[in-house]
């Protein structure tokens, strides 16, 4: 029963990330993007500290572990944005689809040639194919460093999934403390970009910006916490496989707003369903940690 609960939490984390992307893309499209993210991460950090009741009471070594893992998550985002600016959304999305393959290689390593490794590799290949078909990239004749940035972003995100599961499985850090430090680290990383922006953030509370920032911060805090809780039991590859659903969820939400599905959506969705049934991210081997208490006592 626990494994289905953890799968549900992971799926919910994916949906929260989808909602977060849509809020950033729709509600804050005309504002200073970095400033919005800096304020959102800062508020999310404060929310989780309030929920926990105290700042993370862990050793300096554990702080370094958490900062290193959060830096991988931040690096993935910035490298993806750098690639996006140079090569466009479709090419970047296709390269980022490699996350599921890289997460598989990091998790299995020497076991890749075993029966379970081979099935997982086929599953990852189907997932990559589904995401590539959905993105519909048009590759240019000339290449630039944007492709390298996108590839590095994919690796950093896969490494984040791997490291996040490692520290949580080994109980080096609890999920809430890791989420607090993760959000704090991302706040520190994004703040310099926000400070050097020439376009100010409109702080007209009557325009709904304040309410939007609160909603954004709640989504950030909930997404990070759910991701960490799920990765107590879920390793890198199943987590990456679940997150490969995110582009399809985004397309579905846009469809609800009146945007049509792309012609390739049905084929891509079919491949993803095959990938999920082969990978079976809802099946987790080994003993699963207890779901509660969610907030550990000091």
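Heads up, the Cβ atoms here are built off N, Cα and C, so glycines get one too.
Keep in mind that this is a model prediction, so the values were computed, not measured.
As recorded in TrEMBL:
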TRANSMEM  31-51  transmembrane segment
TRANSMEM  63-81  transmembrane segment
TRANSMEM  87-106  transmembrane segment
TRANSMEM  118-135  transmembrane segment
TRANSMEM  147-168  transmembrane segment
TRANSMEM  175-197  transmembrane segment
TRANSMEM  209-227  transmembrane segment
TRANSMEM  234-253  transmembrane segment
TRANSMEM  265-283  transmembrane segment
Assess whether the transmembrane segment (118-135) lies in contact with the transmembrane segment (265-283), where contact requires at least three Cβ pairs under 8 Å among residues 6 or more apart in sequence.
yes
Checking 31-51, 87-106, 175-197 against the transmembrane segment (147-168) for Cβ pairs under 8 Å, the most are found for 87-106
